[in-house]
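Pulled from TrEMBL:
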DOMAIN    5-76  domain 'Release factor glutamine methyltransferase N-terminal'
DOMAIN    120-262  domain 'Methyltransferase'
BINDING   GLY126, THR127, GLY128, THR129, GLY130, ASP157, TRP184, ASN198  S-adenosyl-L-methionine binding site
BINDING   ASN198, PRO199, PRO200, TYR201  substrate binding site
Amino acid sequence: MNYQQWLVQASSALNQANPQENGKTDALVLLQFATGKSRTQILAFDETEIEEKVRSNLTALLDRRLKGEPIAYILGEKEFWSLSLNVAESTLIPRPDTEILVEQALRIAKEKLQKNPPHFRLLDLGTGTGAIALALASELTRICEKQATELTIIGVDVIPEAVALAKSNAEKNQLNVLFFQSQWLEQVEGTFDLIVSNPPYIDENDEHLSQGDVRFEPLSALVATEQGYGDLRHIIEQAPAYLNEGGALLLEHGWQQGEKVRSIFAKNHWEKIATLRDYGDNERVTYGFWKSYEI
Ligand SMILES: C[S@@+](CC[C@H](N)C(=O)[O-])C[C@H]1O[C@@H](n2cnc3c(N)ncnc32)[C@H](O)[C@@H]1O
């Protein structure tokens, strides 16, 4: 069987199994992964015969995809903010919508860095693959080096395997972020200029948990108590003690949670509270500033 024949067969099987996904794209990605060839090489030389060893590997990969396993878990990596990140079943696969949070965190960080502070400290709670912390490190390291601001970026997660994964991603991308295990802020010391988090925020009874990619992702990364608001509320309540004066907290949340999240911020005396929308025009990230430790 050659590339072209395999692509036709695999695309058709995938389209049948997951009609809402693009079977052709997935088939091509799997073939690239198994052969180590580029998309162009495969399409330009599609009459190439597939070796028996590669073929049996492809059958196993296709089988996993046919069962609905996310492509990112099958390949073991995912692109986020132009970084290539290792992914694993211990945590969430980074989503493009999370880049909204990174963009806003960068905007706020750059504003604060204009004042040439001696230190700049940033904390990512529930870091998972390290996606947010590493994306921010990739942008802020050079700026801070240029102006001699000492940059500290910390990422924590309660799942040890996620911490190990984040560390592997720091190494892979040669970025300097300190990752360690902590139940939210419990093991964290010191204060920060910026705290960011994409915590679990799905209600345990949400029907979407049994659909699509999330079926394969761990509940520890998805589900929170209090109809999904438990972790968001906990972080909003605890963060002030860990923020420098004028520091900001940015939280990703569900598309229907903006109003309630703003009200939790307001109830806890945060200032300049605002919500940003994602690429689908849904409320996705809410943030607030903390003036001083005294209320
Ligand atoms: C929605 S995922 C986000 C992962 C990553 N930050 C991202 O945006 O792709 C939530 C993460 O929070 C972690 N988490 C859940 N409960 C936690 C807790 N009590 N303390 C620290 N991290 C927690 C999960 O293990 C998971 O990695």
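Heads up, the Cβ atoms here are built off N, Cα and C, so glycines get one too.
On the structure: features taken from TrEMBL.
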| residue | record | DSSP (3 states) |
| --- | --- | --- |
| GLY126 | S-adenosyl-L-methionine binding site | coil |
| ASP157 | S-adenosyl-L-methionine binding site | strand |
| TRP184 | S-adenosyl-L-methionine binding site | coil |
| ASN198 | S-adenosyl-L-methionine binding site | coil |
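TRP184 (S-adenosyl-L-methionine binding site) is 10 Å away from PRO199 (substrate binding site) when you measure Cα to Cα. Broken down with DSSP, the domain 'Methyltransferase' (120-262) shows 63 helix, 36 strand, 44 coil. In the vicinity of ligand 1, defined as a Cβ distance under 6 Å, the following of the binding-site residues THR127, GLY130, TYR201 are placed: THR127. The CA atom of GLY126 (S-adenosyl-L-methionine binding site) is located 8 Å away from the CA atom of PRO200 (substrate binding site). Within 8 Å of the Cβ centroid of the substrate site, not counting the listed residues ASN198, PRO199, PRO200, TYR201, the chain contributes GLY126, SER197, ILE202, ALA221, LEU222, ALA224, ASP231, LEU232, LEU251, GLU252, HIS253. Here the domain 'Release factor glutamine methyltransferase N-terminal' (5-76) is broken down by DSSP into helix, strand and coil counts: 52 helix, 1 strand, 19 coil.
Per the record's binding annotation for S-adenosyl-L-methionine, residues GLY126, THR127, GLY128, THR129, GLY130, ASP157, TRP184, ASN198 show a top Cα-Cα distance of 16 Å. When other Cβ atoms within 10 Å of the Cβ of ASP157 (S-adenosyl-L-methionine binding site) are tallied across all protein chains shown, the result is 28. Annotation for ASN198 (S-adenosyl-L-methionine binding site): spatial neighbours LEU92, THR98, LEU101, GLY126, GLY128, ILE132, LEU251, GLU252, criterion Cβ-Cβ under 8 Å with sequence separation of six or more.
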